[in-house]
Amino acid sequence: MSADTVEQLLQCALSELTARFVTQATPVPTGLLEALDADPRAGAHALARRIRSRQEKNRAEGQRMRKLLRFETELWEQGHTHIAGVDEAGMAPLAGPVVAAAAVLPKGFRLKGLDDSKKILDAEKRESLAEAIKRDAVAWAVGRAEVEEIDRINIYHAGLLAMRRAVEGLSVKPDHLLVDARTVPECSVPQKGIIKGDALSLSIAAASILAKTTRDRWMAELDDQYPGYGLAAHKGYPTPHHLQVLREKGVLPIHRRSFAPVREALGLPTGSPPSALQAELFPEAPSRTGVKS
């Protein structure tokens with residue numbers, strides 16, 4: 001079929017041409033668009049417009065991919081092979097762990113539609129992208145920091161701890177890290193923190209997708225364990241429904257007791273300094289510098 005001439009293609013039904021050159025995105029033979037433009041059928045003109053629109057979208061996506069790979073490309077050209085993107089998910093929720101992911105993509109990796117997980121609202125699309133990343137990545141790993149750790153060392157440092165665990169979980173040692181906004185502590189690998197990195201680096205975007213989808217699945221499992229709180233729907237974030245059920249049903253073991261709405265539900269002072277609050281909740285809590293994975 002790929003050797004069909006333009007004349008032969010014009011003998012096909014327009015529905016077949018649509019399936020081949022729009023739905024399946026088969027490369028368009030030279031001269032086909034011009035032949036469709038000259039075809040007296042209105043449907044042929046509409047098909048030519050759809051093919052051109054698809055081609056323009058493909059060009060734009062290709063340009064977006066190249067732009068998202070500029071940090072990786074610079075490092076590849078310097079001789080680095082294994083570049084890991086690192087990102088986290090779940091800093092703001094009132095419940096559940098904070099989860100981080102690290103992803104090492106092969107040189108020249110492309111995945112249509114891959115972007116910062118916050119920009120991809122369709123959960124099924126995120127899952128599809130996550131499966132493609134896991135399938136094609138050189139290596140990937142996730143790490144987490146539990147609620148107790150969040151309350152002991154604060155959410156910022158717990159997020160860093162989850163990131164470090166993700167990097168340490170990789171099956172290959174990365175040559176360089178690209179990290180969303182921060183740098184990973186206690187890590188000897190050279191690294192670069194990129195503000196809004198999940199929107200500027202393909203590797204970080206991949207890690208963002210893995211962290212988000214992994215955490216969402218874990219929250220769905222917690223929803224089965226703690227029914228009635230809507231955890232599968234709001235993922236622990238402080239939605240009006242979550243705040244209401246927190247007041248009505250009380251605090252769960254998976255709620256972050258260092259977060260103001262949870263402290264309020266427990267009847268604890270919401271304005272306590274972190275050190276005083278941690279002393280209240282965890283009398284024997286280790287110092288921040290003593291925290292280990």
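Quick reminder: no glycine exception, Cβ is built from N, Cα and C everywhere.
Small disclaimer: the values here were computed from a predicted structure and weren't measured.
Residues or ranges marked as divalent metal cation binding site by Swiss-Prot on the basis of sequence analysis: Asp87, Glu88, Asp180. Under the three-state DSSP scheme, Glu88 (divalent metal cation binding site) falls in the strand class. Counting every protein chain shown, the number of other Cβ atoms lying within 10 Å of the Cβ of Glu88 (divalent metal cation binding site) is 30.
The domain 'RNase H type-2' annotation in Swiss-Prot covers 81-271.
Swiss-Prot lists 273-293 with the feature region 'Disordered'.
Within 8 A of the CB centroid of the divalent metal cation site residues Asp87, Glu88, Asp180, the other residues of that chain are Val86, Ala89, Ala100, Ala101, Gly159, Met163, Val179, Ala181, Gly197, Asp198, Ile204, Ala207, Ser208, Ala211. The domain 'RNase H type-2' (81-271) scores a mean pLDDT of 96 in the predicted structure. The candidate set comprises the binding-site residues Asp87, Asp180. Of these, Asp87 has the most other Cβ atoms within 10 Å.
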